[in-house]
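Per Swiss-Prot, transmembrane segment is recorded for 42-62, 72-92, 103-123, 131-151, 178-198, and the stated evidence type is sequence analysis.
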Amino acid sequence: MSSAKELKKSVLAPVLDNNPIALQVLGVCSALAVTTKLETAFVMTLAVMFVTALSNFFVSLIRNHIPNSVRIIVQMAIIASLVIVVDQILKAYLYDISKQLSVFVGLIITNCIVMGRAEAFAMKSEPIPSFIDGIGNGLGYGFVLMTVGFFRELLGSGKLFGLEVLPLISNGGWYQPNGLMLLAPSAFFLIGFMIWAIRTFKPEQVEAKE
């Protein structure tokens, strides 16, 4: 029972209690760049979840055989291999989205969330809990991406997943798209508002005054 509770906590805790973007402020670069559309935010979420979960699993699997002096290099090699797989799959089956995501798929290699979980958790834990931890942190990352992407696409273009939701003036409706929401600064402010909202709801996440 306790094991099941721990696995459940590993999946759910990174969403609000220990969100990698909102609390740890990691992975912000891609969060600013790929959230103009829900479609790209969703695909990026799946990509990061895939890489984080499997890199955690493989690092944990061989953790006792990795010399301490080269552990970061080994982790990077595993992560890079998985990112190449993701990149090739996207180019083969989702080429348009792959072009929109551009270099940010490759930059998953240097994503602090992926590297951080491999070093802090997978190197000290069994493979299955490490895999679940990767899924959880991918969900936490995706929660922020999808929330930001929802508001940016809805207010920036009046659409969700490319489908018109708010009747646009150009089509005889009433909504004038807000172009500012499609620029990177809007994502920065939205993430800031999310951090404020989460820390208002969970005051224990506020840093203690020095």
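Just so you know, glycine gets a Cβ as well, placed from its N, Cα and C.
The stretch from 72-92, 103-123, 131-151, 178-198 that makes the most Cβ contacts under 8 Å with the transmembrane segment (42-62) is 131-151. Within the chain carrying the transmembrane segment (178-198), a Cβ under 8 angstroms from the stretch's Cβ atoms is held by residues 16, 19, 21-23, 25, 28, 31-33, 35-36, 144, 147-148, 151-152, 155-157, 205, all 6 or more beyond its ends.
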